[in-house]
Each structure stands twice: as C-alpha cells, then as structure tokens.
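*Asks:* As annotated in Swiss-Prot:
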TRANSMEM  18-38  transmembrane segment
TRANSMEM  47-67  transmembrane segment
TRANSMEM  100-120  transmembrane segment
TRANSMEM  159-179  transmembrane segment
TRANSMEM  180-200  transmembrane segment
TRANSMEM  232-252  transmembrane segment
TRANSMEM  260-280  transmembrane segment
TRANSMEM  302-322  transmembrane segment
TRANSMEM  355-375  transmembrane segment
TRANSMEM  380-400  transmembrane segment
Amino acid sequence: MGANGDVALSRIGATRPALSAWRFVTVFGVVGLLADVVYEGARSITGPLLASLGATGLVVGVVTGVGEAAALGLRLVSGPLADRSRRFWAWTIAGYTLTVVTVPLLGIAGALWVACALVIAERVGKAVRGPAKDTLLSHAASVTGRGRGFAVHEALDQVGAMIGPLTVAGMLAITGNAYAPALGVLTLPGGAALALLLWLQRRVPRPESYEDCPVVLGNPSAPRPWALPAQFWLYCGFTAITMLGFGTFGLLSFHMVSHGVLAAAMVPVVYAAAMAADALTALASGFSYDRYGAKTLAVLPILSILVVLFAFTDNVTMVVIGTLVWGAAVGIQESTLRGVVADLVASPRRASAYGVFAAGLGAATAGGGALIGWLYDISIGTLVVVVIALELMALVMMFAIRLPRVAPS
C-alpha cells in the first residue's frame, strides 16, 4: 500500500512479457503502418471528396482545421482520462476503431454534412488513442532505447503514409474517380490493423512490465495535467519555439507551384520523397539520441533554418533539397521529440504529459504555419531573419534542459 493507504504500488518487471521489447515495438509499428494506409489514404483526397459533395474552399478549410484541432486539443482530455483509468489498451483500441470505421463510410457519404462529420470523427479517433498509444510504446522503448523505439515506430508509420495515398490514387484511376471503392478498399488494412492490435494486447496485456520501476496500480485519482516536472515544461517551450519557425508543406507546395518551380503534378512526387527522408531521419535521430543524448535535438532548429534558406528559392534543385530537409525535420518531430517525453515524466503521469505535449505542439504548429505564411506574403528575406532568430532562441533553451535519460538494456 502507498503512504496514504489507498494506492497500491508494484514493481514493474515482476512478470516477464510474452514478447521481447523489440518485437513489441515492431508489431506496434506494423499496426501504425496499416492504420496510416487507412487515414493517410483518406486524407490525401479529403478536399476533392468534399468538393464533389458541394463544399466550398471555406468549408474544406474549416472542416480540416477543426479536425486537426480536435486531433491535438482533445488529447488534453484523453491523456488525463487514460492515466486515471489506466486502461491504455482500451483507449488505443477505441481510437483505432473509430478511424478504421469512419474512413470507408466517408466514401459512401451522400450528404456534405455527413462527410464533414466523418472527417472530424476520424481525427477525434487520433486524439482518443494518441496519449495512451504513446504511453504503451514508451514502456517497451525503455528497453530498446527511447529514441530507437519511437524511431522504428515512426519509420514504419511513414511506409504506410506513402502506401495509403498511392493505393487510393491507383483505385481512383482504375474506377474512374469513384470514391466509394477507393476508400472501401482501405477496410482491408484497417481490419488487419485492429486484428493485430488485439493480438498484441492478448500477448502483452501489461506493457508497463517492461519497465523496472514502481508504477501506480488499480484506479488512482486523476493526475493533475499541470502538475508535471519543470523540465517537461521547459522542453515544451523549446518545442513550441522550434515549431513557430517551421513551415508547413502546404506553404512549400504553394511556393513551388505559384513561382513556377515545379508543375503541380510533380508536387506529390516530391512529397513522397520527403516522407522517405522522414523515415530515414527518424531512425538516425532515434539511435543518435540513445547514444549521445539531448544534444541530438540541436539538429532540429538547424534543419528548420535550412528549410527556409533552400525551399523558398526559385531554383528547382534548391527547392527539392529544402523539401527533403523539411521531411527530415518532420521525422525527428514525430519520433525523437515524442520519445523524450517519456524520459522526462514518470509512468503514472505519462499519458497526461503526452496529451499536454501534443496539444502544445499542435498550437505551436498552427501558430507557426500562420506566422510563416504571413511573413512569406510580406518578404522572404524577413521570413528568413525571423526564423533564424526563433531557432537560435530554441537552441539556447534546449541546452538548459536536463534529461534523465534511461539507457537501453
């Protein structure tokens, strides 16, 4: 019993998991790969699909914006609730199920309001599963290495992110732009993702057993989302400032086409190449973090500076290089940047931390997108100066962070 007599503690590691940590991470990564085929495939045609039902540009912008806000902002709710219930598998399965069900239905939605609701519901599914999923993964990553575990998961995710849009594009070409079969075929990878996830839950019902540290059991009272370590908040500040100076691919692609650097048909090809850079850099940064520690993250602000120096020129080679650098930065953001949270926050409050971190990351990304877009309209030279200033501030803040890193076994 705990000191107050109402919270039981147990030492994790008393029961050996049925799967090795690396196998758990790999299988979880395959689940993410299959799920990415589903929702990245759907997201690649969300705009045209809504337009086919009569949506205006404003409607598309509002619906997709609300969806992304829900995907990140609702984690402030789902994270603490997952910590309170300790039912991380249930939250993860529920979130994936919502995504797998809504995407095929989107293809047969006969009314605009139904399609809009399904687009938002799919993003809510990501909010439901996000903190719980990252918490489950963080336990196994304590053995593989935080950086390596999250990096392998992200690399597999990106394979799915490339396969999904290509699958949908192929189906549209075969069926003459029929959305129902193009999205209906995604039922197959979606069903496989859920089946594999349920199998993984049965094999490793308590992934926290990978960690050799005390953990709260039972049904503890809800952790206060704001009662998190000071170093965690400093890390959130570093992340926010970094993202304020990071442009979106939407703006990069706008520049490519509006300045006549690339034909519109070539933009998806460049994006696919950026996703390949994402996967490779995620692996490299993850392994580097486990070996060298926090200084690995110094690369992220530097990459953000290189993006604006290269991607907003009128030279096709420079723009392509800048886009590949953008993909590399995203790879670090989606892997190592998330993995560090687990080294800063103990298991009982980790889902809450992931919820807060994701919400802050989303707000900073949205703010950064608006800031970069506004500066782009004013002057590219001004944009470069402001981004350099922001990223230098982020570097200073990063070196003030003390990370109690857990070495891989």
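Backbone N, Cα and C atoms are what each Cβ position is placed from, and that goes for glycine too.
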*Asks:* The transmembrane segment (47-67) vs the transmembrane segment (18-38): three or more C-beta pairs under 8 Å (separation of 6 or more)?
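*Replies:* Touching, no - the transmembrane segment (47-67) and the transmembrane segment (18-38) miss the threshold of 3 or more Cβ pairs under 8 Å.
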*Asks:* Tally Cβ pairs under 8 Å between the transmembrane segment (232-252) and each listed stretch (100-120, 159-179, 355-375), then give the stretch with the top tally.
*Replies:* 355-375
*Asks:* Let me spell it out: take the transmembrane segment (380-400), skip the flanking residues so only those 6+ beyond its ends count, and list any with a Cβ under 8 Å from a Cβ in it.
*Replies:* 234, 237-238, 241-242, 244-245, 294-295, 297-298, 300-302, 304-305, 308-309, 312, 371-372
*Asks:* So, taking each listed stretch (18-38, 260-280, 302-322) in turn and counting its Cβ pairs to the transmembrane segment (159-179) that are under 8 angstroms, which one gives the highest count?
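*Replies:* Per the Cβ under 8 Å count, 18-38.
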*Asks:* Let me spell it out: take the transmembrane segment (18-38), skip the flanking residues so only those 6+ beyond its ends count, and list any with a Cβ under 8 Å from a Cβ in it.
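*Replies:* Hits for the transmembrane segment (18-38): 96, 99-100, 103, 133, 136-137, 140-144, 149, 152-153, 155-161, 163-164, 167, 186, 189-190, 192-193, 196-197, 200, 203-204, 207, 210, 409.
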